[in-house]
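Sharing a structure with you now.
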There are 4 protein chains.
Amino acid sequence: MQPFLSHPFDDDKLKEECGVFGVIGVADAANFTALGMHALQHRGQEAGGIVAYDPETGFNSARRFGYVRDNFTSRSVMDTLPGSLAIGHVRYSTAGSKGNTAIRDVQPFFGEFSMGGAAIAHNGNLTNAAALRRELIERGSIFQSSSDSECIIHLMARSIQKNISERIKDALRRVEGAFSVIAMTRTKLIGVRDPLGVRPLVLGRVGEGWALSSETCALDIIGAEFIREIEPGEMVVIEHGEVQSSRPFGPAKSRFCIFEHVYFSRPDSILGGRSVYETRRQIGVELAIEAPVEADLVCPVPDSGTPAAIGYSQQSGIPYAMGIIRNQYMGRTFIEPTESIRNMGVLLKLNVNRALIKGKRVILVDDSVVRGTTSRKIKDMILDAGAAEVHFRIASPPTAWPCFYGVDTPDRDKLLAARMSEEEMREWIGVDSLKFISLDGLYRAAGEANGRNRASPQYCDACFSGEYPVAPADQIENGFQMKAAE
Amino acid sequence: MQPFLSHPFDDDKLKEECGVFGVIGVADAANFTALGMHALQHRGQEAGGIVAYDPETGFNSARRFGYVRDNFTSRSVMDTLPGSLAIGHVRYSTAGSKGNTAIRDVQPFFGEFSMGGAAIAHNGNLTNAAALRRELIERGSIFQSSSDSECIIHLMARSIQKNISERIKDALRRVEGAFSVIAMTRTKLIGVRDPLGVRPLVLGRVGEGWALSSETCALDIIGAEFIREIEPGEMVVIEHGEVQSSRPFGPAKSRFCIFEHVYFSRPDSILGGRSVYETRRQIGVELAIEAPVEADLVCPVPDSGTPAAIGYSQQSGIPYAMGIIRNQYMGRTFIEPTESIRNMGVLLKLNVNRALIKGKRVILVDDSVVRGTTSRKIKDMILDAGAAEVHFRIASPPTAWPCFYGVDTPDRDKLLAARMSEEEMREWIGVDSLKFISLDGLYRAAGEANGRNRASPQYCDACFSGEYPVAPADQIENGFQMKAAE
Amino acid sequence: MQPFLSHPFDDDKLKEECGVFGVIGVADAANFTALGMHALQHRGQEAGGIVAYDPETGFNSARRFGYVRDNFTSRSVMDTLPGSLAIGHVRYSTAGSKGNTAIRDVQPFFGEFSMGGAAIAHNGNLTNAAALRRELIERGSIFQSSSDSECIIHLMARSIQKNISERIKDALRRVEGAFSVIAMTRTKLIGVRDPLGVRPLVLGRVGEGWALSSETCALDIIGAEFIREIEPGEMVVIEHGEVQSSRPFGPAKSRFCIFEHVYFSRPDSILGGRSVYETRRQIGVELAIEAPVEADLVCPVPDSGTPAAIGYSQQSGIPYAMGIIRNQYMGRTFIEPTESIRNMGVLLKLNVNRALIKGKRVILVDDSVVRGTTSRKIKDMILDAGAAEVHFRIASPPTAWPCFYGVDTPDRDKLLAARMSEEEMREWIGVDSLKFISLDGLYRAAGEANGRNRASPQYCDACFSGEYPVAPADQIENGFQMKAAE
Amino acid sequence: MQPFLSHPFDDDKLKEECGVFGVIGVADAANFTALGMHALQHRGQEAGGIVAYDPETGFNSARRFGYVRDNFTSRSVMDTLPGSLAIGHVRYSTAGSKGNTAIRDVQPFFGEFSMGGAAIAHNGNLTNAAALRRELIERGSIFQSSSDSECIIHLMARSIQKNISERIKDALRRVEGAFSVIAMTRTKLIGVRDPLGVRPLVLGRVGEGWALSSETCALDIIGAEFIREIEPGEMVVIEHGEVQSSRPFGPAKSRFCIFEHVYFSRPDSILGGRSVYETRRQIGVELAIEAPVEADLVCPVPDSGTPAAIGYSQQSGIPYAMGIIRNQYMGRTFIEPTESIRNMGVLLKLNVNRALIKGKRVILVDDSVVRGTTSRKIKDMILDAGAAEVHFRIASPPTAWPCFYGVDTPDRDKLLAARMSEEEMREWIGVDSLKFISLDGLYRAAGEANGRNRASPQYCDACFSGEYPVAPADQIENGFQMKAAE
């Protein structure tokens, strides 16, 4: 089967690895969960799974490769998932699993303990998973998957605590890195966020029940009311309609992932009390202030550059236009004819609005530059169509460092910004100008009026700054070089 | 299998029924054809077919339900379609075929004649197909399909002309209605447009070969150069690298479908020398002049309302914003939970950008109103999100008459505008104001500076005006009431 | 997809090409038809089709590659085939169709005529199909398939007779060769057998309704009572519960296919008033008389050699034993390991009962020798297992001529008996003795006490004798050499 | 999907639950394993799995529902299983697993230990699995499946022994019941049989490599030489071409399952030095001596009754005949027509040879009577066809007790012989006579000239005698009542 592609240039974007969702206290919890996962599909397209609990048939699960809409919409599947309590997970594949064993890597993971079963779904990445895995195998645990997340359920199985909530706490105190976890027992829905709160997690009210979700857009689809975010370092246990909050970890300062604002989250979600769309539009405003240029049109690279392009246009007064049209039916790879087609890969996904672009000075607004290969091809297309000038404006600072907290990034030496200066990048891409928003500009757009607090940054921005809030232990063991202290 | 949905609210839109594509004089013609069909997928999502000719293996064909990207991208299929000459067709299902026999209705159709085989692909609809079919059956023809287009190939089989090009002319002189036909023999690629030129057909140059296509966007994807439109009433025969043009029909005045400008064609295509995107943006400009209103935001109903919304914003000075976000993974129907979700059908496809909309006066720009049911649901969503006012602006005149020229329209009594005045529609939908662009405004946006020529309209606008340029004979026989002469 | 193999050594057997079945006057006629086709599956494994008629939804059809049990057992398929009248067809593939167009070749064929629709299913082969096809194309017919049987429906479409029964007669008077045809209109079930009655066709009573079938075993599965055979040259029209018989063709003497007795028909069917099993057992008795040999065991080559082996054992007194065991799960082709396995193709299907065979003198009874390749491999296996002697006894005379009446035979130069004498064959296969039953012996076993009437043979035995009761016109045109007159 | 049926009346037979196969020291070990599993398919049709080891890619596995021929024959699957060492397993489903989680229950099971990985495949059933599972969960093991066999790999993970062979011994000393286990590490192929040797396991030589298999028929298919049986209580470790034997358990007397002779094993396999076919034929001889009756024909119930019917005929002199014909294409369930068909379930699989049976006194030989429902239906069919008398002769003693050693048996109260005397059974089935072979007769046929040694039976015959050689601990805990001591 060919890979599932959904964003144009998935292969030249950072990719969120997961979305999590759970609901308790509603009939047909699995149906709600499928809808929630569908709304979170942008966080992971490769596979998805649901575990539901029903007093009569116990824990039931279904895990499948592919889109939620293709797997969790038939009666034949959904009828096997009865009950008023369910959790779900969508995932993007990572290098660790490949071939025919990978269905084992699809979450939620389930474990039977002496006091009953539990399932967990994890968004994020554990930075000490390799060491933990070695230790657990040494003690007799048998791993089903190659996933870092499975460590959590084995730590729970070996915990000497009596009830499952306590075992989750116990387990999560042993892990390092980023985690927004949704778990379930026979009667409880549990949500936990790591002390830094790197990945999002929100709470909603649905009828008499409750929902937990990576983003608010998944509350909207089920008609749930958005109540509040789970706080960094907080654990909530929902049982018999009550939400109990506790703080299992020591105090820590929040370091939410700023790239969720730039690209990962859906524009209709609300993060930190702000519309993601509005933050992105504001980035465009800041960019227009920081990096103005004379031109005829401001065009987004669809679809993720759209809000920033609107902001840039509004601030600069240069007309906004759809200079590049996305093919809504893109998806698979076609066979290239022998007489090969220039930039066919891009043409399958995008087309230039030639009659519009011809002879114009064009500002292209994109969300980020990772490898830079796509930017180069888009520039080609725009010039082929007869543009007079091409100016790139990027809605994030140069991406120069990999993320180890649940995002799929290329190795550092594949990142264009890790190898080149801004001017070198401009020349390599081949455009008239190339400008990135500054870190301070990005923080301002995200609501920090005074920009970034260098002494104690308000967000995790390691992919831009190289400052990792949690040391990536497994990676360092494998030879990763941290940024030298300044 | 669930229906293939791709536009939000497919069920409340007029739907183009077909796209056609053909190429000659290139290696792997079928691969080029698959790409062209992929670019034309918006014209028909239900099924597609390719016929290719190769001197060694003869005519080969593959016809499949579903998207081009899912059917015509594997080696196992494409290797069965060798040769340097191929034609393809994408289709939307029509009422005539249902159940398990429908694969027979998928074009291209093929016939073996005494002088060799030929295949044809037809975009449009024949208005005298029922009568022709009766006559042909009476004379001993056996129909494979329920498609009106099959008449053409049976007329060809019975023609007393000697070569296939002459037989096509002969056959097309017997049919009435709208047709853009691409045909192929063992050595020729043939294109014909009906005398009124209702449906589009363009000619492109690809390397040493030639391509014919419904729209220019399919030329772009294969890197072909757009040469010119096939003219209304023109037939081109391409053989040995030469294009021969002739005029098989008597003289007639062009009546191109104006709805191609409004909705059917892709915004990056060029029609009548103009960017479709630019025409749509201009419709927004006209709308802002014709139907201004005080408001805070101009929001498109995605995706088809976007260009007109941009135009409206630019003309009115009211900020453009993405107030409604489309779920890019939509597709199938989910099982609704027992505790049913208000407007779930819409929420699967769209979500309101709540933080943006709250408390705002919102202008929503949509391309058309057919049944009106979707407009009503969108209004609900916007009001649920706390909008202060909702104003609908529609980029086409009221759709009051069905189309019989290759577009899937509901029966007349299902069309909102056939049953209600504009004010009644406003009230039924439940918005603060509802305005449609005037016919003259639409013609101006489409490049007719003086608007519509009432004596001799420049376009086919029967769906708005009820003035049918070709009498729909089969429909009249079935009881359809034409508009009374004024 | 890999070929469907069901008999061991399908590739070294003559193969019946079709089975037909039809039923009228019962609720759910298609379900009965599916069962009947299942019972006739041995007559054609590649594909099957059903057409059913229901006053409300008209004619409906389903045609599929693969086994009846895999295609016509789900509600989703069978619910599309309502009505109390249905016909079905199972087919073995022939050389004429290959690749992705072959579903068109699956019967029943359907045609809409001015007086209503009709469907036909044909078992047999028309010997003048190529000439008829040329003539029909010349006159404007468009063929859907590469099947000879399609000529019948086109002849019907062009007939100047008024009702469909008359048109069938009209059409069948133009064709030559072998045909047992089942047809249906909206109200009638029709059965016709060619004047020589080469292929079987029987009539049964099921409740208040009637059934037509290739063999009686398909009557048994639906609990129908076997009434009688349709006679050579007879046509029956069943309507409103009445069976009307007529004789559309001039008088002719019956020449039923004797190979139906030897191999094609199921052993539990009744042909000419005799159990097929019993005829086969009697062949073994005759063989034991004609070709005795001293040995320890009589073993059938499973499964088709079993009845004759039983007869041989009973006549000779040599114990019957299962020396070769068939793997009941055989089916597809496995990937052969690099260290290739001797006779793996055979081992996938059969295994020698080694402990039994070791040191024994073994008589192997098989139904026929076609290419001889399988006989050679089986001999290898038996000798590998330590047999002291191997004697082949064949339940049919040497197969020296191809069949043109609906059986898939290799070209004449591939038939072992066309190239070698009996002694040469024995040596080539490598066994201690090899004996075929005589033509007279075969006729005696089939009930003709005086053996074959040379002047006017009671059966068609062209594959053994080279005496073709109908001249194979198309084949002769293609260069086939008939046997020289003696 | 409908259930996989392969024997007629699977639902009225005892069913072997598993077959195991492994090979080392050959290229493409997985291809050999697929062939071996194909030959063992009669031991388990629901699912199969292969694990292969290759130094470059490590352990790879594929586990699928359905037949070996459908799952392990494509390059796309087999190419993922490289290496010269592989093991495989075929299984029949048991009550414990159902619905969408069952793929987890498909063996081989794999575990990663600190000294490397290992995989195991188990034929048999552990009688203390429930207790072991509770203990392991208590200590922190997480089970992937509902299979009793998974206990073995968790016991191995927790063993304090240093290498994997020792850990297997350690683990198997904790389990009770029946087990023939094949295991593999990165370099070793290991085979172990429980002290009583209830299930078979044999050793073969294939080229320079070695194979282990449940039955010898799987050695034949790969062209391997049968070397010897693994002895009860023996463990063999094959590495670097050497076979090392050891005895990990204390001394015990062999109690091989006698039902393997009656029904489970393939007739071409060799058990205890004897052809299974020959033992079955001898059962027929014994039956004819013990239970003679005057009749016209001896007919097997196909296919499992065939060898005993041959023996009965030879001993009695009554002619052997195929009175019942099996449909070789049986498989799925058809939709029953509204006008329901008497005994349709049976007719899908078998048909009476009516012309043969009519007016005859028939002896039917079957292998066993479990629920008796099938015997009753077959009697109906035979009488419907006009038989004068029906006499059942059964090739095993009355099955009155469930098996807990790896065979799927109904609950005791569903076993006809547990509820009725022989005469009551005869009357309930409705035949003229019904006789079972005696236990002593069965032992004689299996080579024990003096019959059963009551003090110390040579076989496990618990299903007939109620004497369980290993107490079924889990079952007793669940309330199973052992036979009272006499």
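Going from the start of the chain as shown, residues are counted 1 onward.
Even glycines carry a Cβ here, placed using N, Cα and C.
Among the features that TrEMBL reports, active site, nucleophile is placed at A:CYS18. Taken from TrEMBL, the feature [4Fe-4S] cluster binding site applies to A:CYS257, A:CYS403, A:CYS460, A:CYS463. The annotation Mg(2+) binding site is assigned in TrEMBL to A:SER304, A:ASP366, A:ASP367. Annotation source TrEMBL lists domain 'Glutamine amidotransferase type-2' at A:18-241.
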In the three-state scheme derived from DSSP, which category covers A:SER304 (Mg(2+) binding site)?
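Coil, per DSSP.
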List, in sequence order, the residues of the same chain other than A:SER304, A:ASP366, A:ASP367 whose Cβ lies within 8 Å of the centroid of the Cβ atoms of the recorded Mg(2+) site.
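Other same-chain residues near the Mg(2+) site: A:LYS13, A:TYR263, A:PRO300, A:VAL301, A:GLY305, A:ALA308, A:VAL365, A:SER368, A:ILE394, A:ALA395.
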Please report the distance from the Cα of A:CYS257 ([4Fe-4S] cluster binding site) to the Cα of A:CYS18 (active site, nucleophile), rounded to the nearest angstrom.
14
Which one is closest to A:ASP366 (Mg(2+) binding site) in space, judged by CA to CA distance, out of the recorded positions A:CYS18, A:CYS460, A:CYS463?
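Out of the listed candidates, the nearest Cα belongs to A:CYS463.
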Quick one: of the recorded positions A:CYS18, A:SER304, A:ASP367, which has its CA closest to the CA of A:CYS463 ([4Fe-4S] cluster binding site)?
A:ASP367
What is the interatomic distance between the Cα atoms of A:CYS403 ([4Fe-4S] cluster binding site) and A:CYS18 (active site, nucleophile), given in whole Å?
14
Out of A:CYS403, A:CYS460, give me whichever of these binding-site residues has the highest number of other Cβ atoms within 10 Å.
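Output for this query is A:CYS460.
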Within 10 Å of the Cβ of A:ASP367 (Mg(2+) binding site), how many other Cβ atoms can you find? Include all protein chains, please.
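Result for A:ASP367 (Mg(2+) binding site): 23 neighbouring Cβ atoms inside 10 Å.
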Any idea what DSSP makes of A:CYS460 ([4Fe-4S] cluster binding site), helix, strand or coil?
strand
Using C-alpha atoms only, work out the spacing between A:CYS460 ([4Fe-4S] cluster binding site) and A:ASP367 (Mg(2+) binding site) and round it to an integer in Å.
18
Look at each of the binding-site residues, A:CYS257, A:ASP366, and point out the one with the fewest other Cβ atoms around it within 10 Å.
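Selected from the binding-site residues A:CYS257, A:ASP366 on minimum Cβ neighbours within 10 Å: A:ASP366.
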Among all chains shown, work out which of the recorded positions A:CYS18, A:CYS463 has the most CB atoms within 10 A of its CB.
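Per the Cβ count within 10 Å, the most buried is A:CYS463.
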Using DSSP reduced to three states, classify A:ASP367 (Mg(2+) binding site) as helix, strand or coil.
coil
Cα distance, A:CYS18 (active site, nucleophile) to A:ASP367 (Mg(2+) binding site), nearest Å?
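The separation of the Cα atoms works out to 20 Å.
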What other residues of this chain sit with their CB within 8 A of the center of the CB atoms of A:CYS257, A:CYS403, A:CYS460, A:CYS463, the recorded [4Fe-4S] cluster site?
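Same chain, not in A:CYS257, A:CYS403, A:CYS460, A:CYS463, Cβ within 8 Å: A:VAL198, A:ILE258, A:PHE259, A:TYR405, A:VAL407, A:ASP461, A:ALA462.
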10 Å Cβ neighbour count around A:SER304 (Mg(2+) binding site)?
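So the number of other Cβ atoms within 10 Å of A:SER304 (Mg(2+) binding site) is 23.
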Per-residue pLDDT averaged over the domain 'Glutamine amidotransferase type-2' (A:18-241) comes to what?
93
Rounded to the nearest Å, what's the C-alpha distance separating A:SER304 (Mg(2+) binding site) and the residue listed as 'active site, nucleophile'? Just drop the number here, would you?
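Per the Cα atoms, A:SER304 (Mg(2+) binding site) and the residue listed as 'active site, nucleophile' stand 18 Å apart.
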